[in-house]
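Engineer: Pulled these from TrEMBL:
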TRANSMEM  35-57  transmembrane segment
TRANSMEM  77-97  transmembrane segment
TRANSMEM  104-122  transmembrane segment
TRANSMEM  128-149  transmembrane segment
TRANSMEM  161-178  transmembrane segment
TRANSMEM  184-205  transmembrane segment
TRANSMEM  226-243  transmembrane segment
TRANSMEM  249-267  transmembrane segment
TRANSMEM  279-298  transmembrane segment
TRANSMEM  304-327  transmembrane segment
TRANSMEM  347-366  transmembrane segment
TRANSMEM  372-390  transmembrane segment
Amino acid sequence: METIPILPARGPRKSPEAGPPPRGFALFALGFRPFYLGGAIFSAVAIALWAAMLAGITSVGSSASLPPMLWHAHEMVFGFAVAIVIGFLFTAGRAWTGQPTPTGPLLACLFLLWLAGRIAMWTASGEAALVIDGAFLPLAALAFTRALVKGGSRRNYPLALALWLLAAANIVSLWLQSQGQTDGALRACQAGVALISLFVIVIGGRVIPMFTTNAIPGFRLRQYRNVDRAVVPAGVLGLAAGLLPLPGWLGAVLSLLAAFVLGIRVWGWRGHAVGNRPLLWVLHLAYAWLPLAFVLQAGAVLGLWMPGIATHAFTVGVLGGAIIAMITRTALGHTGRMLVAGRAETIAYWLVAAAALLRVLGPLLWPAGYRHWLYGAALCWVAGFGLYALTYAPRLMRPRVDGKPG
């Protein structure tokens, strides 16, 4: 399987961190820097605000017409997760194509537009939010697509297509919000979750085996060609089953098919055998949430439990786990540091993993304690991403420790 050269193909480099700290301001030197930091801070603030809304402490700014549930769904998908996706793709796109992606003033303008969208969603009218937040993703998708086309990276065109579909889903959600159509706007947010989950299926399928075998020489990782060919089609069908108004039995069959195919892949990767290597086990754990999420989705479409159980298996388990894994690993590599998880990274991994367990499995085991599970999950999430922001802010704002550009 072809791999992605976003990080060094060999083991951890010798760290130059023993010297004096680098000087200067480098927040806009490469795409991952502002969007990883801004996304992490925003996710912690947004979940804290969501918990406060549920407790009756606050409401959604001056935008009284926006239901809190819709604000929460939209902002965690098209605010937080999208920021991380853009930061990753701007960084990876340069490595894939050899072409420049936004840096410097252009990157700063895009980041400020993303930030303005977050403010608009909290304070402005639906029409203003549509204009401000709706502009960000098309511009970011245009920049990414331009790099792929100029670099002739045809293999990654499907990622550009998915990014454009994500932009369309956001615009649809914003327009429906402005029209007061909450159910339709929430469905567009679910489409966003499905598209970002597809990013995890595709990109995780490329990088997790590579990272594992590079870090553990001789590791016996099993990859089945037919399974690898079936993963994306099965994943697309499974994700569609959670969006379309299909008969319950058909939605369950498609969901279980995706769970089966992804389960074989996860079992073959043998993530349980990577040992005490946090940078690896956190990736394997996030990917292992995929088959579980599809199983939970099958139960939800059959009416066995609330759909929110499956939704949060995808959002907290899959996306939360994959995001905390990648924003630490790629930030370490692209700031010139050793690919080794320290105490802060490991604690953040455990906190996000705990948030997923509390938010997904807690309500299944004790539905009557739903609010307790939710507040516990929120606390773990805020602590995990808050710890990331505190630890990585100096690293993301300063130049690389090895003196290289980026």
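Including glycine, each Cβ sits where the backbone N, Cα and C put it.
TrEMBL annotations: computationally assigned, not manually curated.
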Engineer: Check the transmembrane segment (347-366) against each of 104-122, 128-149, 161-178, 304-327, 372-390 and return whichever range has the most CB pairs under 8 Å.
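Structural biologist: Comparing 104-122, 128-149, 161-178, 304-327, 372-390: 372-390 has the most Cβ pairs near the transmembrane segment (347-366).
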Engineer: Which listed stretch (35-57, 104-122, 161-178) has the most C-beta pairs under 8 A with the transmembrane segment (184-205)?
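Structural biologist: By Cβ pairs under 8 Å, 161-178 leads among 35-57, 104-122, 161-178.
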Engineer: Check the transmembrane segment (104-122) against the transmembrane segment (372-390) for contact, please; criterion is three or more CB pairs under 8 Å, pairs 6 or more apart in sequence.
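Structural biologist: Contact criterion not met.
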Engineer: Which residues of the same chain, at least 6 past either end of the transmembrane segment (226-243), have a Cβ under 8 Å from a Cβ in it?
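Structural biologist: Result: 1, 187, 190-191, 194, 197-198, 201-202, 205, 250-252, 254-255, 257-262, 264-265, 268, 290, 294, 297, 300-301, 310.
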